[in-house]
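For reference, the structure is listed below as C-alpha cells.
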Amino acid sequence: MITVVTIPRSVSWKGDAIAVLNQTKLPHSTEYKTLTTIEEVWKSIVMLEVRGAPAIGIVAAFGLALASKKYTTLHIEEFQKKFNRDCNYLGTSRPTAVNLFWAIDRMRESIQEITTIKEAQKILEEEALRIQQEDEAVCRSIGEHALTCFKDGDNILTICNAGSIATARYGTALAPFYIGKEKGVHLHAYACETRPVLQGGRLTTWELKQAGIDVTLITDNTAAHAIQTKEINAIIVGADRIVANGDTANKIGTMNLAILAKYFDIPFYVAAPLSTFDITKQTGAEIVIEERDETEVTKIFGKQVAPVGTTVYNPAFDVTPNELITGIITEQGIIRGDYKREIASLFEKTS
C-alpha cells in the first residue's frame, strides 16, 4: 500500500511575485512571505527565511525572472547589463552554497541568444520553473537510491535540515524518510538540534512531524552518546558544496558526526544533487566558508546569553574529508570508493 505523504512547499512562483515559507518563523507559525523585488529575495536568503542549497538556487532563479519584468522599456544591451548586475548581486547572498551560483549561471546562459526583452522575460520564467520541477524529480531519485542503504526499522541520525523545505520537494538527506513512508519502510530519524540557528530542532522535527514520520530530537552534544546507546544504524547529511575529490561542505558540526561514524563503525552518507558539486575546486581547502553574525551565538531568540563583548567564531559550515564518507548519494546513483575518479567519470557521462 502506497501512503500519500503531505510535504510543505518552500518556494512558489506567483507570476509577479515569489511566495517563500518563512523558515525563521517555524515551528511556531507557518507563514508565507511575498517577495516582489530582487532586493527582497537577497535579504530573504541572507536572513535564512529561505535556506537549503537547492531552495536557495530555486528562489534565486525566480528572483532573476522577477527582476527582469521591471526592465521592459530598456534597450536589449542595457537589459543585459542590468541582468548581469542582478546575477552578481544575488551571488553575494550566501557564498558557500554552490547551487546558488549554478542556478544563476543557468539563468544567465538561458538568455545568451535572445533578441528581445519580451523573449528574455518569457525564457527566464520558464527556466526558473524548470529548475524547480527538475529539483523535485532529482530529490525523489536521491530518496529512491538512499532508501537502498537502509532497512525497515533503522535509526538514522542527521543534522541541520536537508529536507523538503530546503528543496523543491522531498529534500536530500530526508528524502529516504519520505520515500520510505510512501513504501511502508519505517525509518526513525534522530535529529541534532543544530546550533546556533537550530535548523534541526525547529525545521527537521517540524517537517517530519507534519508528514507523520518518527523523529527524536537530541542536542548536538548528545550525538556520540546516542550512537552508543540508541542503536543508531547510520548517519545521513546533506551538502552545500562537494568538490572534485569528494570533500564536502555542510552545516557546521557535520564533520563531528563523520568522525563519530568512523569511531563507531557505522555508515556516513552524504545526499546531494549533481548541482551541488563544484568540480572546479580540487579539495575542500578551496571552499570559502561563510562566517555569520556573532549574535547568532550570543543571543537565543533575541535574548542575550553570553556576556556582551564576547569574542565569537561562527562559521556556518565545515568540510568533511572524503575519507570519512561511506558514499555520496546522487540522483544518478551512489558514489563510493575513489571519489576523485568516480566523480570525474560521473560528470563525463552527464556532460
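Every residue gets a Cβ built from N, Cα and C, even glycine.
Of all Cβ atoms in the protein chains displayed, 28 besides its own lie within 10 Å of the Cβ of ASP240 (active site, proton donor). Under the DSSP three-state reduction, ASP240 (active site, proton donor) is assigned to coil, being neither helix nor strand. Per Swiss-Prot, the feature active site, proton donor maps to ASP240; the stated evidence is sequence analysis.
The substrate binding site annotation in Swiss-Prot covers ARG51, GLY52, ALA53, ARG94, GLN199, ASN250, LYS251. When secondary structure is read from DSSP and collapsed to three states, ALA53 (substrate binding site) falls in the helix class.
In the three-state DSSP reading, CYS160 (site 'Transition state stabilizer') counts as coil. In sequence order, CYS192, THR194, GLN199, GLY200, THR204, VAL237, GLY238, ASN250, LYS251, GLY253, THR254 make up the list of same-chain residues 6 or more apart from CYS160 (site 'Transition state stabilizer') whose Cβ falls under 8 Å from its Cβ. Feature annotation from Swiss-Prot assigns site 'Transition state stabilizer' to CYS160.
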Inter-residue C-alpha distance, GLY52 (substrate binding site) and ASP240 (active site, proton donor) (nearest angstrom): 8
Secondary structure at GLN199 (substrate binding site), reduced by DSSP to three states: helix
